[in-house]
Amino acid sequence: MNFESQSCLCKKSWNVYNQVNIEKVKRDEAIAKAKEEAEEQRMQELDAERRIQILRGEIPTPLPEIEDKADEERRESRSYGGGRERKRRKKAGENDTDFEMRVASEQTASSNTERQIVLRKPIDVPLVDHTGHIDLFPQERSQKVEKNAEAEKEAAKKKKEYEDQYTMRFSNAAGFKQGLENPWYSKTGPTKEEVDEMPGKDVWGNEDPRRKEREAARIVSNDPLAMMRQGAAQVRQVEKERKRWREEKERELAALEAEERRRKNHKRKHDDDDDDDLEDFSLDKPGRSEESSRRRHDDRERRERKHRHRHRSSRAEEEGRHRHRHKDRERD
């Protein structure tokens, strides 16, 4: 029974939760809002037109008779009792929707009237200020604190100087303010003069005499051109070492070939002497055999002396070459 009563209650035309009534309320609210916005726009245009007329020196258009209507409504409300609003009634041929729309428009008009009355409060301030400029809002301007022009200029200058430290401006894109001959993009780091002018102290204020040397070394190590030059110097040094090594190898090969030729010549000569000794050898001549053996002994001793002399000379030459190579390396 309770459920049936609730379902029937929702279908009543006077129920506020009826779907038709809900849509009607939404529609009325939208219409009232549109009317209010239109009225506000109209009043703003009227106010702007009046101000333009005042600026041109013309007589402004008088405001609509809003205050008189408001006074009449207040008198009617007082006649029907203090603090109570007169009950509005429908007109002939007017349905509920039209009646509510009329009431809403009257209420909106009264609220706009009060708002315009507040906005149009007379102000005894001239439109032109002390500098000769037209001031449309003198009351708001008078409430602001006057600022010191010199202090503002100094603050703006300091702010610009600080921003110039990390900001690139089009007016100084080429770096002409620092010098056209040395633009900013041609500098790879601190110059030699700047390094010389650097103080010889560390970050804690202690004396650091080798700071300039480290700074110069850092500049050289970070310079791409210096790295390329260092690489080219290393390549030339490697080529020089290879050339010296090839020359030493060629000298050693030449010395070995010469030694081999001397050995072959000595062997050939020794073989010839042996052949001569054999030709002169005879069993019938013992004295000659002793003489030949003595001669062979002398020749052997002479060859051994020559061999020892050549060995010492080649060893001294090798030691001289080694000392010369060591001196060249120390000089490089």
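The backbone N, Cα and C atoms fix where each Cβ goes, and this holds for glycine too.
Sequence annotations record features per position, and here TrEMBL assigns domain 'CBF1-interacting co-repressor CIR N-terminal' to 13-49. According to TrEMBL, the feature region 'Disordered' maps to 54-113, 136-159, 179-332. As annotated by TrEMBL, compositional bias 'Basic and acidic residues' applies to 141-159, 207-217, 237-262, 282-302. If you look up TrEMBL, you'll see 272-281 marked as compositional bias 'Acidic residues'. Look at TrEMBL and you will find 303-313, 322-332 tagged as compositional bias 'Basic residues'.
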Predicted model, mean pLDDT over the domain 'CBF1-interacting co-repressor CIR N-terminal' (13-49): 88
Secondary structure content, the compositional bias 'Basic and acidic residues' (207-217) (per DSSP, counts of residues): 7 helix, 1 strand, 3 coil
For the domain 'CBF1-interacting co-repressor CIR N-terminal' (13-49), residues assigned helix / strand / coil by DSSP: 31 helix, 0 strand, 6 coil
